[in-house]
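Inspection log for the structure reproduced underneath, given as structure tokens.
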Amino acid sequence: MCGIVGLMAKQAVNQGIYDALTVLQHRGQDAAGMMTWDDGRFLLRKSNGLVRDVFHTRHMARLKGNLGIGHVRYPTAGSSSEAESQPFYVNSPYGITLAHNGNLTNSDQLKQELFSSDLRHINTSSDSEVLLNVFAHELGKQGLHLAPGDIFDAVRRVHRRCRGGYAAVAIINGVGLVAFRDPHGIRPVVFGTRDEGEGQEVMIASESVALDVGGFELHRDLAPGEAIFVDMTGAIHTQQCADTPRLASCIFEHVYLARPDSILDGAYVYGTRMQMGRKLGDRIQNEWPEQDIDVVIPIPDTSRTSALELAQHLGVTYREGFMKNRYIGRTFIMPGQTQRKKSVRQKLNAIGVEFKDKNVLLVDDSIVRGTTCKQIIQMAREAGARKVYFASAAPPVRYPNVYGIDMPAANELIAHGRSEAEVGELIGADRIFYQDLDDLKAACREVNPALEAFDCSVFDGQYVTGDIDDRYLADLEASRSDDAKQLSAGDHALVGMHNQEDDIDD
Ligand SMILES: O=P(O)(O)OC[C@H]1O[C@H](OP(=O)(O)OP(=O)(O)O)[C@H](O)[C@@H]1O
Ligand SMILES: NC(=O)CC[C@H](N)C(=O)O
Ligand SMILES: [Mg+2]
């Protein structure tokens, strides 16, 4: 996943976008970017790194204008080169910039079509540049003066051409701010408004926390397939643009990706995670009524919410047995396995007294590659634990993700082709407990009963867009597995739209 934000304000937007990106940082740590629009001119700053490292005072000063979009990136396609960081820009028609969260599953075919039929060249291997060009091409059919209906017609045609997960924000030069969400609503987008006396200001973002930090009132999520257009006066226009929209949002947002203080599709993530803890507690109780757990210990950060609820539900003491180094980011979204492995020990350290001679139940939100849990169990034993049990608030992750989470290879997933007990053995746990998939869905529905369907592909191998076959998955693995990425490392000399000319002192 990545984080996106769009802001139309009555004064300069650079700081507002920066602040929003810092609270969306958990969605992407590899690169950050911002494009503002100032009286007919786009201004760009994007680079690899965290938000605080990418935007220095001199960059902020140059990012002028009352309209802008921003992005934090966690790559799922192409390379991690600076040229593939976002936002992207295309000059025709009108001048458009776009930032995208998600992953197109037919980007190779679209790239071909763009070249041979639409006469457009894609200069990177990023699916987001493809999405921008499809949007640009469809918009170009509308003529010089765009009315809201023209923009919505173009989005309708984007939905007909593009497959996969996409939540996107864009600026059309001189026309306004646009955002759209794929017909399954796989990736999240919300919007809200603020009025500080000068008129309506609008923010569109991946998660509601971005709105909170800017003092915006959350209106709602974009519906699956819906588009929003904010014209230059700040007036909001929305329209459903998909032929057959059906909400099936990514359930892994609730498990791990989103911040707990966000509200996604009307469900407080904090609440869904609490319910996950309760359900998991029930499962442990049912499977093991005579359990001998002395203490429940979360693996910080994400599992805390469910672990606390699980402990209370089981009537067992909850303790923070691992301290987290606040200066290390999320390990799962780091680009390579070597870095991920090293970071677990840098990030987490055991407090001996909480483990010594105790039977501990360690709780994590999910087990994906098994990088974290293997090391953590070892650390618990080194700290003197008698028995180490492990519980995952999500079911076993057995299948690749194709919609914007970088889990491209089944054989990198520890539970792929293994039973729950086999995973337990492999990670060195005395006993393992996984959430049941129906319980996970129920946990989310208990917070918002309107959430009928989800994309649960990483758990059940069912891909809601219906276009994923073995060949697609084999190609994905061949191009994006950790081994493949290592082979292509260094292939970063791509030409993108250049940062501003006086950036050479970076
Ligand atoms: O099985 P693995 O491949 O190790 O992946 C799963 C782990 O990675 C994530 O933590 P992360 O450190 O990314 O973030 P957090 O601090 O939000 O928990 C997640 O919360 C699990 O702890
Ligand atoms: N995680 C994402 O949303 C990634 C967006 C896009 N596919 C990229 O790789 O830049
Ligand atoms: Mg974690």
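Backbone N, Cα and C atoms are what each Cβ position is placed from, and that goes for glycine too.
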> D364, D365 bind Mg(2+) according to TrEMBL; which of T244, T272, T302, T465 goes with them?
Replying inline: T302
>> Given C2, T302, D364 as the recorded positions, which ones have a Cβ positioned under 6 Å from some atom of ligand 2?
In response: C2
>> I'd like to know which of these binding-site residues, D364, D365, is least surrounded, judged by other CB atoms within 10 A.
In response: D364
>> My understanding is the cutoff is Cβ-Cβ under 8 Å with a sequence separation of 6 or more in the same chain; which residues meet that for C2 (active site, nucleophile)?
In response: R27, G28, H71, V72, R73, Y74, Q86, A99, H100, N101, G102, S206, G404
>> What is the set of residues, excluding T302, D364, D365, whose C-beta falls within 8 angstroms of the centroid of the C-beta atoms at the Mg(2+) site?
In response: V255, Y256, P298, I299, D301, S303, S306, V363, S366, S392, A393, A394
>> I'd like the number of other C-beta atoms within 10 A of the C-beta of T302 (Mg(2+) binding site), please.
In response: 23
> In DSSP terms, helix, strand or coil for D364 (Mg(2+) binding site)?
Replying inline: strand
